[in-house]
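These come from TrEMBL:
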- A:33-51: transmembrane segment (TRANSMEM)
- A:58-76: transmembrane segment (TRANSMEM)
- A:117-136: transmembrane segment (TRANSMEM)
- A:141-161: transmembrane segment (TRANSMEM)
- A:167-186: transmembrane segment (TRANSMEM)
- A:193-214: transmembrane segment (TRANSMEM)
- A:452-527: domain 'Transglutaminase-like' (DOMAIN)
- A:534-581: region 'Disordered' (REGION)
- A:553-564: compositional bias 'Polar residues' (COMPBIAS)
- A:587-607: transmembrane segment (TRANSMEM)
Amino acid sequence: MTPRPGNGASLAALVGLLGVLWGFGNVLQGDVWWWRVALVMVGVHAVLFLLRRRGLRLAPLAGLVALGLLVVWVFVPGSTLLGIPTPATAHALRQHLSLAIAVVAEEQAPLIPPEPLMTGMALGFGMLVIVVDAFARSRRFALWGVGAVYATGLGIASLIVGANPPLLAFVVAAAGWLAIVAARSSVPSTSRLVLASVMGTVALVAGVLAPSVVAADLTPAASTWGRAPVDVFGRGINPMVRLGENLRRGDSVEVLRSITTAEEPPYLKVATLVDMEGGTWAPIDDPDGLPYEQPLEDIDPDIESTVEEISIAVDDLDSTMLPMPYPAEGVRGLVGTWSWHPVGGTVRSRTETTRGQTYVADYVELDPDANQMRERQALLPPAMMGRYLALPDDTPPQIAAVARSRTAGLTNDYDRVVALQDWMREDFRYSETSPVAEGYDGNGVEVIERFLVEEQAGYCVHFSSALAVMARSLGIPARIAVGYAPGEPAGRTNDGERVYSTSSDALHAWTEIYFEGAGWVRFDATPGVGRATGFDEPTISGQASVGDLPNAGNATGGTPQDPRSLTEGEQGADAADEGAAGGPSQAVVAAVGGIAVTLLLLVPGVARRARRWWRWRRGRDQAEPLWREITDTATDLGIDVPIRATMRRQAEPLKDHAGPGLVAVVASVERERYAASPGNVAVLDEARSSVRALEDSVPTWRRWLARYFPRSLVRRSN
Amino acid sequence: MDLAAAARALHDNVSRVIDGKPDAIDTAIVVLLAEGHLLIEDVPGVGKTALARALARSVDGSVNRVQFTPDLLPSDITGVSVFDQATARFEFRPGAVFAHVVIGDEINRASPKTQSALLEAMSERQVSVDGTTYQLSRPFMVVATQNPLEMEGTYALPEAQRDRFMARISMGYPDAAAELDMIHGHDRTEPIDALEPVVSLEDFAAMIAEARAVHVSDAVGRYVVDIATATRSDERLLLGASPRATLQLVRAAKAYAAVRGREFVVPDDIDALAVSVLAHRLIVQRGEPEAEHIVRSIVDRTPVPTGS
C-alpha cells in the first residue's frame, strides 16, 4: 500500500484548526487556554492517525472516546481513580459544561477563560478535529468541508469580539488549508483546483468581512465591545460563579459614584443568595416560596436606628440588578420599570440596565449595642428556618467541628458569629488566586473545608460562604449578599459633601445573619475589605428614639415584601431605548453564537444540496454526474454501493429502490465512458426519478438524516 | 438481421434442446461468434454433445463428432491422402476437422499426439497433409469435452493446449424440473433432429465480422491488462494468464457486448467473462482454492476504470 494522501491532508487540517483556535485570542486572554485545548486536539489527532493506520474503520468513534478521556485527564483529573473515570467524573464534567454555557451566555469578551470554558472548548475543538480529519480524508470534500469549518470558526471568533481575529490565526488557517489543497491535488484536475481555491478564498474573505458587517447592523453598542465593559450581574445569572473571575480581571473601572448622609458609605447589595446547590450558591428562583425580610416596622424600637440617604450615579455598569443599600425604605429617580425582589430587598428590572442611572435611596442604619444583640436569638419563623439552615448532604463534618471549636464557651448567637468573623479576619489571608484549583473558584462545601482547614486564604467568595456555612452548621440562619464594598473617598462636591467612588474591583460578597427583632445583619469575614461588624459595648443606653423609626406610610418605595413598580412614567419611553442600547451585547452574542452553530450544522446539508444542484446542471448533457448523484444519494440513505466495482454491480443493490429509470442512466453512462463515439443521450429525467424513488424507498428518519448529515460527503463512492 | 436479435433467436433455438442452462448456451454462442473454441468440462451425460450439435444445427453448419479414444490416430483428425487407382492420383480424404462444428468427445482420452493434431488445426484453422494446405471451413469451432481428471483413463491436457480454448464452461446437472422436462421431450422425438436453422452461414459470417468491429476503449483495455497482470503476480498461482488469454478475453468480450446489442465493451462484459475465459489456463499452487475463485477475487479487487 502506498502512503495515503489523507494523512498529510489531515495533519494540515489539524494545523489549520489550531490556527482557528488562536482566532479566539481576541476573545480570551492569556495563552494557557490555547496550550491546553491544543494539547487535547493534538492528542485526538494522534489517536485518529494511529487507528487509521491500523485500518480501523470506526476511527471517528474511537476518536470521540479518546477525546472524552483526554478532556477528563487534562481538565478534571482529580475526579478519576488512577485515570479511570468514575461517577464523580461525569458529575464534574456536567458541572464544567453547565458553567461553561453560563459563561458563554453571560460573560463579555474579552475574558480570562475559566477552567470550565476551556473544558467546553476542548470538547468542541476536539470534535472539530474529528470532523476535519474526516473531511480532509474524503477525496471530494476536503477543500470545501475544511474551508467551511475554518471560515465558520474564525467567523464566530470575530463576531464575538466584533473585530478581526489575530492575523496569525488567519495565516495559519489559510496555510493549513492550502496544504490540503496541495496534498489533495495529487491527481491534478486544474479546473477543480482553481475552483476550490476561489471558493476557499471567498469563504475566508467572507469570514473576515461578515463580522464587521453583521456587528455593525446588529449591535448598536458595538463600539463598547472592545474594551471590556463591566457587566457582572447579567440577566438571571449566578453572580457567585463569576465573582472571582471579575475580581481577577485587573483592569478596574469606576462603576458608580455616591454621596451619602451617613458617616460612612454603606455596602451596596445587588443580589442575595440563599440556596447552596450543585456546589455553589444559587440565586433564588422561586421567591414566592421564601419571602422573608424583616419588615422595617417590626424592628425592635429599643434598637437605635437612623434613616440615611444615598445618591448614586451609575457610570460603567450594565446590569439589571441595582446596587442598593440594605435595608432600604425606598428609591427615587430611576428611569424605566424596576421592582423589588421579595428576597433580600434588592431592586431589579426586566427591561432596563443600570448604565447611566441616577437615583436616591433611603435606608436604615441600625446601631444596636452589643448586649441588645446578645439578647436576641437568631431565629426565623419556623416555615423559613429550614431553608436558611439547609446544607448539602455532602458537607464535610469538619466544617461544623471547626465552627464548634471556635465558638466553644460562647453562650449566644451574636457572639458566636462575631467570633467566627473575627477569627477569619485576623487569622486568614486575602488572596484572589490561591484556591483556584479544580472546581470552579470553588465555594462548594469541599472547597470550604479546604479553605478553613488547609489554605486559610482566599477571597470574599470563600470568606462569605465559609461564614454562612459555619453559621448554618451551628443552627444560625444565614445567607450571602453580593454587591459592592463601601466606596472610597473621591473628593467633595461644591457643597462640601463627600463623594465616594466605587470601582469594579470593589465587587464583594458578605454574609447576612438573621436576628429576631433586628432583621438581617451584615457580617463581613473578609480580611482587609469593608468593615467588620461589632456593635459597641453598652455604655449608657436609652437614647433610642421612637421618632427615628421609619414610618411605613411615608416610605416612597414600599416594603420589600410587597414588590411594587417604581415606574417614573414620563422619562420612561425615551430613556428606555437608551437603556436597552446599553446592554444588548450578551443577547446578541448568544443569538449570533446560536445562529453560527446552527449554520455550522447546516453546512454539510447545504454543501450536499449544492453538489446535487451542480450535478443536475451538468447532467443536462452528461450522464456521469447523474450517476454519481445516484450513487451518492444511495450512500446518504445508507444503501451500500460497492466501490471499485463495475457499474452493474454498483447498480445491483439499487435495483429494488431506484425504479426503471436506473437502467437507462446506467446505459447512458456506459456509453459515455466506453463507447467509441459517445452520443448524447439525455437521461436527466430518469436520473431525477431514480433519486426520488431511492429517497421514497427509505423511512422518513433516514431521509432526514441523509439530508442534514450526508455520508457521501466523507465517504468515497466510485 | 440485427445481431442481437439473431443471437437471441440462436439462444432460444438451442434452449429447446438444452433445458435450464442459459449461461452455458450464452457462453457457447459468444465463443462461436468470437471464433474461439470451447472446452466443456463435466461428467458424462449432462448434455455437452447435445449443446454443440444444437448450436451447429442452428447456424446451419455441418457437424463432425469424434470420440477420442487411446487408439485414435492424428490422421483421423486431419485427413489422409489415399491413392485412387481409377485416376492414378492421390486423393485427399478430409478428416474430422472439416466441419463447422467439431465435437471432440472426451478429448483427454486420446494420446497426446492425437490431441495435438486437433489443437494445431484449432489455432491454424488449416490442415497440411503431404505438403498441401487445406483451409478449414468458417465458422470453425471445436467443442471439446473433457471429463474431470479424476475419471479413469484420462490424460491431462497440457496447459499450452488448454490455452488454445477460448473458454471453459461446466454444464452442471440440470435442476429437477429441467430434468423432468427432458424426460418428456426426449420421449417424443429426438429433439436435435427437430431443430431448424435460425441463421444462415452467410449471416453468421456477417455477425462474426460485426462482433469483431465492436469498440474497446483504452480504459477497458487497461482493465483487461490489469486483470491479466494481477494473475501473473498472484502468489496463489504458479502460472498466470498469457498474452493470448488477454487477447481472447477481449475478443470474447466484444462478442458478448455485440450479443447484448452494444457496439462497445464495458467493464461488466469483462467481469462476466473473466472466469470462464481465464480460469482454465491458470495453474494453481498446491493447497490454494480453485482457479475460478482466484480469478473471481482478482477481478473483484481490480479497480474499474471510469474514464474513457
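Cβ atoms here come from the backbone N, Cα and C positions, even for glycine.
Heads up, TrEMBL stuff is auto-annotated, nobody curated it.
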Under 8 angstroms for C-beta pairs, at least 3 of them, ignoring pairs fewer than 6 apart in sequence. Is the transmembrane segment (A:117-136) in contact with the transmembrane segment (A:33-51) by that rule? yes
Ranked first among A:33-51, A:141-161, A:167-186 for CB pairs under 8 angstroms with the transmembrane segment (A:587-607): A:141-161
Ranked by Cβ pairs within a distance under 8 Å of the transmembrane segment (A:58-76), the first of A:33-51, A:141-161, A:167-186 is A:33-51
The correct DSSP tally for the domain 'Transglutaminase-like' (A:452-527) reads 21 helix, 34 strand, 21 coil
Within the predicted model, mean pLDDT of the domain 'Transglutaminase-like' (A:452-527): 85
